[in-house]
Amino acid sequence: MGVARVRAWLQTARRIAVLTGAGMSAESGVPTFRDAQTGYWAQYRPEDMATEAGYRAQPGLVWRWYAHRRALLRGVAPNAGHVALAHFAQRHPGRLTLITQNVDGLHQQAGSPDVLCLHGDLLADRWLNPPRPCCHLEDSAAGEPPYCSTCGNLLRPGVVWFGEALPLAVLEAAQQAARACDLMLVVGTAGAVYPAAGLARLAREAGAQVAVLNPAPSELDDAAHAVLRGTAAQCLPALLAPADPQE
Ligand code: OAD
């Protein structure tokens, strides 16, 4: 019933925005953050692992955690949900804007074009302090972050940590897509982190239909016109498959 309703919205919407979170990649084997048993934040404190202060306090510990997450990515692949989104975007050029909080690159691997990555890229590095002319990388001891031996500047993962600004151009493009869409699909996010979660509310206020796809309650259910209780890899192919196989 819910799926048929959202499928009908998808068919008529001129512009579609999709906001994805960690649940999008759960069936690829990437842990979420807030799931009670398996989420990263059940084991670690976000203020230790996902803030600049946490990194400055324990750089080796945090670097090793990101190294572990990077290693995990080498063994995972996009799931049927990522593939369904990519195929839909390829069949309907310019109609779907994909906005993700994920840093795993799986949407891009599946072939989705122009993904708006709000929280950066897990596989990228950047300098912790603004780089100086002296900043060149030295080999570091195993498990320690690479650094500049002249000034001590450290490399850090290229992800957005709590308390940091999102990349402005990406956020503005996502807000524009949220304001302009007729339908927003919110997939696999707890809806607890802003400004990302605010995009669903923005879309609703601007007149879009909002559909949440999540096997469990989320903080964005109240912003939704339809809530589908299913997983990304199960529901997205059913929602996004062409009505006519020739399409
Ligand atoms: P969370 O871990 O907070 O939420 C994951 C959501 O995915 C939950 O609502 C689950 O019910 C849902 N879920 C689990 N399995 C699913 C499946 N197979 N299909 C669909 N949904 C499923 O992750 P996010 O909401 O993405 O930020 O978290 C937002 C941000 O907080 C992350 O980008 C990260 C985190 O701290 C930073 O690291 C800056």
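Along the chain as shown, the residues are counted starting at 1.
For all residues, glycine too, the Cβ spot is worked out from N, Cα and C.
Note: TrEMBL annotation is automatic and uncurated.
Computed from a predicted structure; not experimentally measured.
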Further binder of NAD(+) named by TrEMBL next to Q101, N102, V103, D104, N214, P215, A216, taken from the candidates A86, A89, A232
A232
Alpha-carbon distance [H119 (active site, proton acceptor); A216 (NAD(+) binding site)] in Å
23
Could you give the Cα-Cα distance between A232 (NAD(+) binding site) and H119 (active site, proton acceptor), in whole Å?
20
Rounded to the nearest angstrom, how far is the Cα of H119 (active site, proton acceptor) from the Cα of V103 (NAD(+) binding site)?
6
Could you measure between H119 (active site, proton acceptor) and N214 (NAD(+) binding site) for me? Cα positions, answer in whole angstrom.
20
Cα-Cα, Y66 (substrate binding site) versus D104 (NAD(+) binding site), nearest Å, comes out at 12
Spatially speaking, which of the binding-site residues N102, D104, N214 is closest to R69 (substrate binding site)? Use C-alpha to C-alpha, please.
D104
